[in-house]
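Student: So TrEMBL has the following annotated:
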REGION    26-136  region 'Disordered'
COMPBIAS  62-75  compositional bias 'Polar residues'
COMPBIAS  76-87  compositional bias 'Basic and acidic residues'
COMPBIAS  92-110  compositional bias 'Polar residues'
COMPBIAS  111-131  compositional bias 'Basic and acidic residues'
COMPBIAS  193-205  compositional bias 'Basic and acidic residues'
REGION    193-249  region 'Disordered'
COMPBIAS  214-224  compositional bias 'Basic and acidic residues'
COMPBIAS  232-249  compositional bias 'Basic and acidic residues'
DOMAIN    287-562  domain 'MYST-type HAT'
ACT_SITE  Glu463  active site, proton donor/acceptor
Amino acid sequence: LTVVEYSSYPLTLVIAVKPANVQRHMVGSGSDGTEDSDSSAEREQTNSSESDGNMPKRQRLTRASTRLSQSSQDTPDLKRAADHDESPPLTPTGNAPSSESELDISSPNASHDESQAKDQASRDSDKDLSHRPKRRRCHETYNFNMKCPTPGCNSLGHLTGKHERHFAVSGCPLYHNLSADECKVKAISREKQEEEVKGQEENNSRHATRHQSRYKEQVSEMRKGRSSGLQKEQKEKHMEHRQTHSNTREPLLENITSEYDLELFRKAQARASEDLEKLRIQGQITEGSNMIKTILFGRYELDTWYHSPYPEEYARLGRLYVCEFCLKYMKSQTILRRHMAKCVWKHPPGDEVYRKGGISVFEVDGKKNKIYCQNLCLLAKLFLDHKTLYYDVEPFLFYVMTEADNTGCHLVGYFSKEKNSFLNYNVSCILTMPQYMRQGFGKMLIDFSYLLSKVEEKVGSPERPLSDLGLISYRSYWKEVLLRYMYNFQGKEISIKEISQETAVNPVDIVSTLQSLQMLKYWKGKHLVLKRQDLIDEWRAKEIKRGNSNKTIDPSSLKWTPPKGT
């Protein structure tokens, strides 16, 4: 009996009958050819005992082999049961293997001379590489339970043409209306083109400017050849493809643009898919982690933007079902419907600190309502790129904005804030739900955060780095605050410190905004703030056109005192 013990899965044993003329299988070897110290020592001692009959046998048994030898004394029919068991052995993942390569058993036709040569080579490599640490194999083997979400796909092939399997739409040849063989052919042609381009760049390095102009001319010539529009037959073909496959396949892209632009797009797709595959192999993302494409949230179906670290059993799903009141996530529409029938939540937990009309803001303590805040962070990560807080929510307060109707308080957005911030950050993370974007709710959240800073008699600033949408929102808010201050200011001399104390905006943010508006100049050794009347008039015209909008924060509607210790 050959006892197999995987270093990453010590509780899984694979037992196989080994004929006398079959080479010893190096089951302890890692993916890079190195061998575990236990298995190598056992084999060397066995070989030495066979060569010298007078030397006593000394075998270094692993824990698994010791347990097996003890159990074999109590059950003498172990070998007979192993011989007659027709069920396939388990793989390290605990699943039945789907291919012979996963078993990794040596061929019984290997000659005895070849086995001795391989054993000697492995011992030599063991001496050179014995200082290397053992490498885990869990990220280097495929999980055969995973399947590509594209209907009708068998998960074989890869868009890059460099891998045998794929588990995401980004690497699916069928989704991109290609076959696995076509992807391999395209990969070879791309490599040849890259080599030719490198050779041309080396030859034209002395005349770079001339080469660039010539290249631009070639590109413009290639783009002239694109068709003005689709023919009637082509349009019918495209519509038929869209009606047949809907969103499960990529739309047909032929004849839409020039061949040059289409090839550039295909190269970008292949490169992005290769980057995702590298991240998966390195373990930074797991199979299926980027497969949550949509979530059903209340009466909305939202397309996700980024990966969120939901549990693996949920991350594999193409769609997630989330209760809009308690934010619990579920696997199916049926489970969500049953949950909504008995869910007693109609608003976020915590204290309602603001209400005007249908808009309310609830203060939720991450320590008192840990599960709700964790679910809120997981939901927010689907739409934020730079968010890193998921589970350690106890040091934060969450201010959740809702819009009320006869069914309950619906989540509009939120921002989180440290209970004790040494850098006076008044916002750690801020999000407006996609269905409420471009309606003024983002500025309301920002304005509310600065209102809390005014009550605390502090100067606040958002935590960096800001996301792209967050930076746009804050720049717009700071601009509006400064122009409103300039409009109401009647004095002759203005101070940035006074602006900061009245608006609670950090002086650094004020200076950066003034510079972007070209209202800060350096003249005769002094910094001057220019009152640009054109910008003020433009802002005032927008304010009049907007009228009495309810998308503003009323300080008199705030019922809040700063928490103790802040």
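Each Cβ is built from the backbone N, Cα and C atoms, and glycine gets one as well.
What TrEMBL says about a protein is an automatic prediction, not a curated fact.
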Student: What is the pLDDT of the domain 'MYST-type HAT' (287-562) when averaged and given as a whole number?
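Tutor: Summarising the domain 'MYST-type HAT' (287-562) by its mean pLDDT gives 89.
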Student: Using a Cβ cut-off of under 8 Å, list the residues of the same chain at least 6 residues beyond the compositional bias 'Basic and acidic residues' (232-249) that approach it.
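Tutor: For the compositional bias 'Basic and acidic residues' (232-249), the far contacts come to 150-151, 174-175, 177, 255.
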Student: Enter the number of other CB atoms within 10 angstroms of the CB of Glu463 (active site, proton donor/acceptor).
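Tutor: Glu463 (active site, proton donor/acceptor) is surrounded by 17 other Cβ atoms within 10 Å.
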Student: From the DSSP assignment alone, can you count helix, strand and coil residues within the compositional bias 'Basic and acidic residues' (232-249)?
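Tutor: When I sort the residues of the compositional bias 'Basic and acidic residues' (232-249) into the three classes, I find 17 helix, 0 strand, 1 coil.
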Student: Across the compositional bias 'Basic and acidic residues' (214-224), what are the DSSP residue counts per state (helix, strand, coil)?
Tutor: 11 helix, 0 strand, 0 coil
